[in-house]
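Residues or ranges marked as domain 'EamA' in TrEMBL: 87-218, 240-369. Per TrEMBL, transmembrane segment is recorded for 87-106, 118-136, 148-168, 174-195, 202-222, 242-260, 272-291, 303-320, 332-350, 356-374.
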Amino acid sequence: MVNKQNMTTVASRGQQNQITCAGGSSDPVATTVNICAPGDQDDTGEFSAYPVPFCFPLNDGFGVSMRLKTDFSPVFEAKKKARCPGLGLFYTLLSAFLFSVGSLFVKKVQDVHAVEISAFRCVFQMLVVIPCLIYRKTGFIGPKGQRIFLLLRGVLGSTAMILLYYAFQATSLADATVITFSSPVFTSIFAWIFLKEKYSPWDALFTAFTITGVILIVRPPFLFGASAAGTDESYSVHLKGTFAAVAHAVFAAVTMVIIRKMGKSVDYFLSIWYYVVLGLLESVIVLFIIGEWSLPYCGLDRLFLILIGLFGLGGQVFLTKALQIEKAGPVAIMKTMDVVFAFIFQIIFFNDMPTWWTVGGALCVVASSTGAAIRKWCQSSK
């Protein structure tokens, strides 16, 4: 039975979960509880309440602090209105478009090294993240036991960003985008090695499809001959770009495994903070080593640098919103629209028709990532 008095219990974690018991019946089964937990946020950023058909005791035994109070308003008034169907997929599509436009701007920027573009993006994101950390009172260092993982996440994540921008500059937009989609396959392998997650024969099949797709895009001469390897640009530059894209996929996969390892114990903005700070430091060091630091001469290039930061941040925001309100499987499938946008932009803005090798490789990689997403979606639905 739930008392009408307000009761508060605070555990060692220092957080509060708000639990509102509606009813007043002595039968605990007939009592409805609305649970508001950290991390379950609605479109306004406020914590959401979820109805549960029983009432927790005051001492829940999970070590989670909570505030228990009675509310005798009807339960249906506490339920949230259903979201617009397909809104999460629309957010994913918008995110894919924004990321693709940002990639287009990276390709269009002239006489600015990929490392310098990364530095400008880090500065822009830093200006956005600092107020968010101050507002959320998260701090700038992080939990003591997670700092080493935050450092690794920052260094590896920023390295992946630099490699991605170099790939966009060195090879075609479509080739670089397709190869980056091999990242989930590497994530499965590293999660199997370091997190002891299951690696099934299906995962091995998806890995084989991805490797086949990458080989079709790279077109190594010892397999395809010199004529098949030939491209409009220098093949050596194309090869460097494709290798950079593969390296990006590997580093991004390791970063994802580290983020999984940290779980929800680290605030999302704190993770981004380490990413932009260490990314800026890494970019500045590399620029001084290679001697490529220079301000863009053209006003249009400066505008592109600003837009790269804006569109990259916008894409990340909409992707995060999509994952908050939609299952990861449909989001991962819709995310393959990145490849479609890359092909369209390459044809329209660069008058560069993708080769049949690229199309075949894209089909293999997209089929692999889509198959992996559908399989995980089906497993989570059981």
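Glycine is no exception: its Cβ is also placed from the backbone N, Cα and C atoms.
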Mean pLDDT across the domain 'EamA' (87-218) comes out at 90
Across the domain 'EamA' (87-218), DSSP labelling yields 110 helix, 0 strand, 22 coil
Inquiry  = With a cut-off of 8 Å between Cβ atoms, can you find at least three pairs linking the transmembrane segment (242-260) to the transmembrane segment (148-168)? Only pairs 6 or more residues apart in sequence count.
reply    = yes
Of the listed stretches 118-136, 148-168, 202-222, 332-350, the one with the highest count of C-beta pairs below 8 angstroms to the transmembrane segment (303-320) is 118-136
### Query
Okay, the transmembrane segment (87-106) and the transmembrane segment (202-222): do they have at least three CB pairs under 8 Å, pairs separated by 6 or more?
no
What DSSP reports for the domain 'EamA' (240-369) is 111 helix, 0 strand, 19 coil
Quiz prompt | Feature contact check the transmembrane segment (118-136) with the transmembrane segment (332-350), CB under 8 Å, 3 or more pairs | solution = no
Counting Cβ pairs closer than 8 Å to the transmembrane segment (118-136), the top stretch among 87-106, 148-168, 174-195, 356-374 is 148-168
